[in-house]
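Listed features, source Swiss-Prot:
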type	residues	note
BINDING	81, 83, 251, 326	Zn(2+) binding site
BINDING	81, 83, 251, 326	Fe(3+) binding site
BINDING	90, 153, 186, 254, 331	4-imidazolone-5-propanoate binding site
BINDING	153, 328, 330	N-formimidoyl-L-glutamate binding site
């Protein structure tokens, strides 16, 4: 087979043997590092991988040849938890955070999520589209090729649908692949204050059926937290969503452990998000149910908290984990997955191999794209992040700098030295 594109002489390729399930425990610690590696691409797919000189049959008169001495290649990075589409910003809350006002106290004062809800409700489709596109561009320039994007800053049907429509439009227009999550249960809207059950009934009866009918989202999520939605309320919504055919996620054990992990395990959610306050019993329940733990260390950093999710304990117990940005305007205003990956080492005490497994193959399972992306594997799409680094440890050791040299998306050179092509 003659390749369309042949990428050769990488210092290292980060490869793994996909076992057919998210990596857990000791599997997280393993990878195949191919020295002097090459990748052959045809019709947007990886058709060959190896070390040294490529087979002659891969090279034809039209084959594009590129050498990458001094560089490494990983699968395209996957950010599997973002609140991508929103209006406004919340830098006016930053001084309050520095003064020690808590996230929940800011929310109780009408700030936080509710502040962004007001800004998003008043934002036009075009405003939200352009703002979200800029964030996606930034992500792409940092090596991200697939992104999960939630609604949840509307808390009414008109705005929630506008957010989902923006995600759908960007999925068509932008190189990054987007996976949509419906999260109208992100907070209790002011018009339903004191009556969350009534709001959940509106979501279940009036919103979820339309989202499903129009295929606007693949996943459903809820914020199970003190002063937001209880475990029983979360169970009520997610069980109805599951009956309608949605895959499930849940924000759980972020600030307080109130039973969200139990709901995730009972309903076999694909992932449970945050988990800073998870207990040993909670870890065991998620392992038993096969739920992926999606950890968001940049949120802990941004909130200036000391309690990071116990990633080391999770992996050693046999749990599958991913890492994501939680990109949002309040608790985590960043879109930089490289920073998150570095926090995975510095604050969660993970190794570079564990972090790379978390943000590639496990993240692919978390967004139900494991058949297409998440590993440098023959037959998968050629989503490739190329780092200006001599080995896989270097992008973690040399922190706070964008080391992306190039990005390939479905076999097309999409980013070249800081420019989107």
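Here the Cβ of each residue, glycine as well, is placed from N, Cα and C on the backbone.
Everything Swiss-Prot records as a feature, shown here on the structure.
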{"residue": "81", "record": "Zn(2+) binding site", "CB count, 10 Å": "31"}
{"residue": "83", "record": "Zn(2+) binding site", "CB count, 10 Å": "25"}
{"residue": "90", "record": "4-imidazolone-5-propanoate binding site", "CB count, 10 Å": "21"}
{"residue": "153", "record": "4-imidazolone-5-propanoate binding site", "CB count, 10 Å": "31"}
{"residue": "186", "record": "4-imidazolone-5-propanoate binding site", "CB count, 10 Å": "24"}
{"residue": "251", "record": "Zn(2+) binding site", "CB count, 10 Å": "29"}
{"residue": "254", "record": "4-imidazolone-5-propanoate binding site", "CB count, 10 Å": "28"}
{"residue": "326", "record": "Zn(2+) binding site", "CB count, 10 Å": "28"}
{"residue": "328", "record": "N-formimidoyl-L-glutamate binding site", "CB count, 10 Å": "25"}
{"residue": "331", "record": "4-imidazolone-5-propanoate binding site", "CB count, 10 Å": "23"}
Mapped DSSP class for residue 186 (4-imidazolone-5-propanoate binding site), helix or strand or coil: coil
Residues within 8 Å of the 153, 328, 330 Cβ centre (excluding the N-formimidoyl-L-glutamate site residues themselves): 83, 86, 90, 112, 113, 116, 152, 329, 331
Distance [Cα-Cα, Å, rounded] between residue 328 (N-formimidoyl-L-glutamate binding site) and residue 83 (Zn(2+) binding site): 5
Spatial neighbours of residue 90 (4-imidazolone-5-propanoate binding site) among the binding-site residues 81, 83, 251, 326, 330 [C-alpha, 10 Å]: 330
Pairwise CA distance, residue 326 (Zn(2+) binding site) versus residue 186 (4-imidazolone-5-propanoate binding site), rounded so that it is a whole Å: 13
81, 251, 330 filtered to the binding-site residues whose C-alpha is within 10 Å of residue 186 (4-imidazolone-5-propanoate binding site): 251
Three-class DSSP secondary structure - residue 251 (Zn(2+) binding site): strand
Spatially closest candidate among 81, 83, 251, the listed binding-site residues, to residue 331 (4-imidazolone-5-propanoate binding site) (Cα to Cα): 83
Euclidean distance between Cα atoms of residue 153 (4-imidazolone-5-propanoate binding site) and residue 330 (N-formimidoyl-L-glutamate binding site), Å: 12
Pairwise Cα distance for residue 153 (4-imidazolone-5-propanoate binding site)/residue 251 (Zn(2+) binding site) [Å, integer]: 15
Inter-residue C-alpha distance, residue 254 (4-imidazolone-5-propanoate binding site) and residue 81 (Zn(2+) binding site) (nearest angstrom): 14
Local Cβ density at residue 330 (N-formimidoyl-L-glutamate binding site) - other Cβ atoms counted within 10 Å: 24
